[in-house]
Amino acid sequence: MEFSEWYSDILEKAEIYDVRYPIKGCGVYLPYGFKIRRYTFEIIRNLLDESGHDEALFPMLIPEDLLAKEAEHIKGFEDEVYWVTHGGKTQLDVKLALRPTSETPIYYMMKLWVKVHTDLPIKIYQIVNTFRYETKHTRPLIRLREIMTFKEAHTAHSTKEEAENQVKEAISIYKKFFDTLGIPYLISKRPEWDKFPGAEYTMAFDTIFPDGRTMQIATVHNLGQNFSKTFEIIFETPTGDKDYAYQTCYGISDRVIASIIAIHGDEKGLILPPIVAPIQVVIVPLIFKGKEDIVMEKAKEIYEKLKGKFRVHIDDRDIRPGRKFNDWEIKGVPLRIEVGPKDIENKKITLFRRDTMEKFQVDETQLMEVVEKTLNNIMENIKNRAWEKFENFITILEDINPDEIKNILSEKRGVILVPFKEEIYNEELEEKVEATILGETEYKGNKYIAIAKTY
C-alpha cells in the first residue's frame, strides 16, 4: 500500500479525523484524534509557559485595511484569503478577512501597549484556527483550508540582539518539542525567495515522510523592524530616544499530528508516543466460561492500580479477543495487558508492546515498575527508529550534478545535501534540479544546500 493511501486509511480506521465534511479542506477531529491533539499541544504550551511566554487570544476577523497595511506581507498570500462581505443581508463597508495568520491584528494591539523600553519584551502566543483558500490538492492535517490548530507566538524586543536571542530560544523550544515526540528534523535557513513575507529571514524545521517527501513542521521568523515600522510600535529608549521594536514570530500547526501518525506508524496502524497516547495501557480480559468474574475482578484490580499514574482503559466489549487486539494495534496504544485465568493462577501478567509486537510476562508485584520502564523504553525505541529512517533518507553529494540529483529524488527521494556555494544558491538551481531548495543547513558540522521534493 502506498503511503498516501495508508495515511488516509489510518485516519479513518484509527478514528482520528473525518474528512467527509461538505467543504473541501475542512474536516472533523474525532474524540480519539482530538485527545492526541490535546496532549501534543499541552507539551508546547508547557514549554512556552516555562520560557516566559503568556497565552492570549485575538479576534478571528481582520479588517481589510489592517490586513493590507503590510504590503509585502499580504502579497505572500492575498489569493488565499477568505473574506466576510456581509452581515446578514447588509453589505459591509469594510471587508473582514478570516485570519490567515495574526501578525497584523496582534501588531496593531502591540502599538497600543508599547510606550517605553520597560514595556518590553512582550512574548505572547495563541493556539487558534486559521483559514487559507488552498487551491492546491488538500490533504487532511497537512494542507487544509481551515487549519484547526495553529500555534503562533509573537514577540517584541528593545534591541536587535534580544530578537536574535529570541530566535535561538524559539529554535531550542521546538527542538525540545520534536525530541519529546520522537520526530526527526532538519533545520535550515530558508532562501530569500522563500522566506516569510516581511521577515528579515526564516528558519524552518523539515521532517521526512515515509514516501521520501519533506514536510515543513515549524518556522521561526526574525521580523527585524519591518512590521514595527509599518504599525508604529515605537518605544522610548533608556536614553530618551525613540526606536522601533524588534520582532519575531514562530509557529506550528496540525502538521505535527500528521507527522506523529506518518513517522511512527507501520503497516498495522498507529504507533503512538506514550506521552500523547489517549490510552497508554489497554487491559484486555480473556474471558473463559465459568471464569468470567475472576478475570474481570483481576482486570479491575490492575486498572485501579495503574489509573493514578497512567491513562488506562479496560476493553470489556463483548467481542473476540483477536478483534480487540487488532483494534488497539490500529489505534497505536503503546502497551496492552492481557488478563486470563492461567495468568491469575500463576500470579503473572502478560504484556504486549505495540512498537516491537513482542509479548512478555512479569510478576504481579513488579507491574507498576515494569509498565513505567516499558513505556519509557517504547518512547526511546520509536525515537531512535525514526531518526535512523530519517538519516537513511539523506544523501550527501560532493558537487552539484542536476541529473544525478533528479535521479536520486525520483528513485529514493529524501533530502540531498550539496556543499554550500553562494554562486549556485539561487532559484535557477531549483529549476535545474526540478525540486525545492529548503535552504542553508548545517549537517554534522558542514554547511550544505538542502534540496528535496516537498509536500
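Placed from the backbone N, Cα and C atoms, the Cβ positions cover glycine too.
What Swiss-Prot annotates here:
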- Thr101, Glu103, Arg132, His221: L-proline binding site (BINDING)
- Arg132, Glu134, Gln216, Thr219, Ser253, Arg255: ATP binding site (BINDING)
- 329-359: region 'Interaction with tRNA' (REGION)
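Long-range neighbours of the region 'Interaction with tRNA' (329-359) within the same chain, counting only residues 6 or more positions beyond its ends whose Cβ lies under 8 Å from a Cβ of the stretch, are 10, 13-15, 32, 264-265, 268-274, 277, 279-286, 288, 291, 294-295, 298-299, 302, 321, 367, 370-371, 374-375, 378, 381-382, 385. Just so you know, of the binding-site residues Thr101, Gln216, Thr219, Ser253, the Cβ with the fewest other Cβ atoms around it within 10 Å is the one at Gln216. A C-beta separation below 8 Å, combined with a sequence spacing of at least six in one chain, links Glu134 (ATP binding site) to Gly25, Glu80, Arg143, Leu144, Arg145. Taking the Cβ of His221 (L-proline binding site) as centre and 10 Å as the limit, one finds 25 other Cβ atoms among all the protein chains shown. In the three-state DSSP assignment, the secondary structure recorded for Thr219 (ATP binding site) is strand.
In this structure the alpha carbons, written CA, of Gln216 (ATP binding site) and Arg132 (L-proline binding site) are 16 Å apart. A separation of roughly 15 Å, to the nearest angstrom, links the Cα atoms of His221 (L-proline binding site) and Ser253 (ATP binding site). Packing around Arg132 (L-proline binding site) is summarised by its Cβ count: 21 other Cβ atoms lie within 10 angstroms of its Cβ, all protein chains included. Taking every pair among Thr101, Glu103, Arg132, His221, the residues recorded as binding L-proline, the greatest CA to CA distance is 20 Å. Non-local contacts of Arg255 (ATP binding site) by the CB criterion (under 8 A, 6+ apart in sequence, same chain) comprise Leu141, Ile142, Met215, Gln216, Ile217. For the ATP site, whose annotated binding residues are Arg132, Glu134, Gln216, Thr219, Ser253, Arg255, the maximal Cα to Cα separation is 19 Å. Between the alpha carbons (Cα) of Thr101 (L-proline binding site) and Thr219 (ATP binding site) lies a span of roughly 13 Å.
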